[in-house]
Amino acid sequence: MNDQGISASIPLLGHYKSRLPLGSDDKNFLPDKQEHSLHCEDQAWRPSLSQVVAEIKELCTIAFPMIITGLLIYGKSAISMLFMGRLGKEVLAGGSLSIGIANITGYSIISGLALGMEAISSQACGAKQWPLMGQTLQQTITILILACIPISLLWLNFEPVLIFCGQDRAISSIASTYLVFSLPDLVLQSFINPLKIYLRTQNITRPLMLSAAFSLSLHFPISYILAHRFSLGIRGIAVAVAITDLNLLAALLLYLYFSGICRKSWQGWSLQCFDEWRPILSLAIPSCISVCLEWWWYELMIVLSGILSNAPEAVAAMGILIQATSLVYIFPSALSLAVSTRVGNELGANQPNKARNVFYNRIIMCRFDEYYRHAVHDIDEACLGPDFYHR
């Protein structure tokens, strides 16, 4: 890969140049051909050892809190599955099926569409085009809220679809109930996902970790009170997840307000968030398709387990397996997102050589992914099963 290849992705910000307020500093946008050629003169550029070490430290600074955040979010899912298992195998099966359906028809779409802002926001941060970051955040939240409308209508009427597809009636009823009570969480995710990307593309990840830790610390008692003390069962577990994510969102908003990190980029809600959606949708839709294809292969196994003769046991077991499998992806996913942020920042700052250095360092760190997968496999093999299902 040469500098021309890397720099070819920089025109992303060029479309937004005319939308910035007068006086905005545009020196870091894509230069013309003469200026661009200056960055391609040194084709033999190689980073020094100190530059490599400094970049690895930078990646770890971004990625480590994200890894902890991923583990904390996994803990929320594990606690929910634990309470489902304590309510019986049918509830565990119905909850597992509903989580798979929610991921297929809702959360994967919301998460994928949100990733459309990442390239714009990371490059805008590198180029110090702060108003563009705020405007992109508004556009993304608006798009996700609108996407929630058809998803909500589908979730409200999903039980007949499950029965038509051959799912067990009792399991379908439980799954449908969980989906209905998960609607508030779907809306909350339409705010949480963009805010996480907004902060991460500014290399701010520690508040995400602390917010996730705060919300998780309350998830177990909230789940216990709603599911057992109030005898809400599967409905209480779904509401507990929504309350936990509400706590996460509240913590993030409080950080943004008191830290002042958003003062440069957030200029209040504006009707401009409804203008010129083509650039962000051109990124969001392919990202959404990519995320959906990745998620659906796993979640469809849960749905297909429901048509087996021993549906409750099969769906419950597959749900536990999928939860355990998701743990494998936390470390490599966090590193990849950190690399994406750093590459976008450097391209936005018109530093293609540094962006290439980030990419090479990720290749060097790939070996750690393998060690992590082996560790997760050993832990799952030793611990999986008894804690999720209570006879």
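Glycine too: its Cβ is placed from the backbone N, Cα and C atoms.
Copied over from TrEMBL:
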- 59-79: transmembrane segment (TRANSMEM)
- 99-120: transmembrane segment (TRANSMEM)
- 141-158: transmembrane segment (TRANSMEM)
- 170-188: transmembrane segment (TRANSMEM)
- 208-227: transmembrane segment (TRANSMEM)
- 233-258: transmembrane segment (TRANSMEM)
- 279-298: transmembrane segment (TRANSMEM)
- 318-339: transmembrane segment (TRANSMEM)
Long-range Cβ neighbours of the transmembrane segment (99-120) (under 8 Å; 6 or more residues past either end): 9, 12-13, 16, 77, 132, 136-137, 139-140, 143-144, 147-148, 151, 154-155, 158, 162, 175, 178-179, 182, 186, 189-190, 193-194, 197-198, 201, 279-281, 283-285, 287-292, 295-296, 299-300, 302-303, 319, 322, 340-341, 344
Tertiary contacts of the transmembrane segment (59-79) (same chain, 6+ residues out, Cβ under 8 Å): 99, 200, 203, 205-206, 208-209, 212-213, 215-216, 219-220, 223, 241, 244, 323, 326-327, 330-331, 333-335, 337-339, 341-342, 358, 361-362, 365
Non-local residues, at least 6 beyond the ends, that sit with Cβ under 8 Å of the transmembrane segment (170-188): 90-91, 93-95, 97-99, 101-102, 106-107, 110, 145, 148, 151-152, 155-156, 158-159, 162-163, 234-235, 237-239, 241-242, 245-246, 249, 306, 311-312, 315
